[in-house]
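In what follows, a single structure is set out as structure tokens and then discussed.
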Amino acid sequence: MKIHEYQAKELFSSYGIPVKEQILCYEPGEAAVAYEELDTECVVIKAQVLTGGRGKAGGVKLAKSKEEAKDHAKNILGLTIKGYPVTKVIVTEAVDIASEYYMSFIIDRNTKSVILMMCAEGGVDIEEVAEKTPEKIYKFAIDPLIGLPDYLARKFAFVLFQDLNQVNQLASILQKLYKLFIDKDASLAEINPLVTTKDGKLLAVDAKMTFDDNALYRQPEILSLFEPTEDEKVETAAKEKGFSFVRLDGEIGCMVNGAGLAMATMDMIKLYGGAPANFLDIGGSSNPNKVIDAMTLLLKDPKVKVVLINIFGGITRCDDVASGLLSAFEQLKTDIPVIVRLTGTNEKEGREMLLGTRFKVAETMSEATRMAVAASKE
Ligand code: GDP
Ligand code: MN
């Protein structure tokens, strides 16, 4: 689970990690008020979206007056960054930055531990540093039984700083962030940039945290910060209907019974040069209501150009599935081509019931997939 920068900074603040005061705003007018409330010359307006790269997308702007704060807030609130519409911003006191550093704690499956990553070249180009000069990023595995006692925190801090005062500041930030990470079952805690100010203070200018979904049952405080994206809302609604559903980027809507068959269907679509619009396992039974719910879910996605129904009849008989499909589509209003492949118990009877109807019936999985890929490209 991801949280916003402002939420992560509230956690930072409660653990004593230095951050600037911030005010959350939903309207440009609120940003102007926030400017006055912060009572400082220069503020930063920052988009609050669950993705990085806001700076490069125009989602981070400095403002030196109330009018400027309002204008920037208005522009940023109209942006969509990497598919995420910006609905809120923070206004925060600007920092006079001397240098930008990178630091993060992340779970590393190779060392089976948390690792600390640090780099003296932090900021918006960290991806480029990681790609072109990975040796500039220091990595230290943290023994879970030892954690980050003073001597280790200082040893790591000396990697970025020589000045004792700054070493001590960083060591303290490392210890506090590590404690936050462990306490809250995080999978990532990142400060990029961690900055030094002109008067030698260390400060977190950005904050990013993600949490282990499997630990949320024991983290009610973190769970309460959850804000589902539009896709996650659709996935949650699908789960409530008994489906497993994951939205993807392609055009072929898939309705399949069984997770293994659903995976195989997606692989086959890719093999024939198409792209699945989703993963959908509708489980067993031929209940027409289930088919209606599943089709409604698929048709909500404007990208879906064709639907591929791939059913293996085991205990559920194929003729039952066919009559379920027929009665479901009496109620559904759509012109989208629907390709059906039925196999297993009573498959012949099932297929015969669908001949001469709106469905395009295929005998094998590869035939059905090729038909769906062809229809998606028309
Ligand atoms: P991101 O692009 O989503 O990672 O957003 P950040 O919060 O990291 O901001 C991007 C960049 O904006 C930072 O690397 C800084 O260079 C700059 N920036 C952010 N806040 C301030 C600030 O208070 N003062 C100054 N001078 N620059 C800032
Ligand atoms: Mn950042």
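The first residue you see is number 1, and the count goes up from there.
Cβ atoms here come from the backbone N, Cα and C positions, even for glycine.
Residues or ranges marked as domain 'ATP-grasp' in TrEMBL: 9-224.
If you look up TrEMBL, you'll see K46, G53, R54, G55, V95, E100 marked as ATP binding site. When Cβ atoms from all protein chains are considered, those within 10 Å of G55 (ATP binding site) total 16, not counting its own.
Annotation source TrEMBL lists Mg(2+) binding site at N192, D206. For the recorded site, N192 (Mg(2+) binding site), the DSSP three-state label reads strand. A simple way to gauge crowding: the CB of N192 (Mg(2+) binding site) has 21 other CB atoms within 10 angstroms, across all the protein chains here.
Annotated substrate binding site per TrEMBL: N257, G314, I315, T316, in sequence order. Summarising the environment of N257 (substrate binding site), the number of other Cβ atoms within 10 Å of its Cβ, over all protein chains shown, is 23. Mapped onto three states, the DSSP output places N257 (substrate binding site) in coil.
Proximity to ligand 2 (Cβ under 6 Å from any of its atoms) holds for these binding-site residues out of K46, G53, D206, G314: D206. For the binding-site residues shown (K46, R54), fewest C-beta neighbours within 10 angstroms: R54.
Each residue contributes its Cα atom, and for R54 (ATP binding site) and I315 (substrate binding site) those atoms are 51 Å apart. Note on proximity: of the binding-site residues V95, N257, I315, T316, the one nearest N192 (Mg(2+) binding site) is V95, by Cα distance.
If you average pLDDT over the domain 'ATP-grasp' (9-224) in this model, you get 97. Under 6 Å, Cβ to nearest atom of ligand 1: this is the test, and of the binding-site residues N257, G314, I315, T316 it is passed by none.
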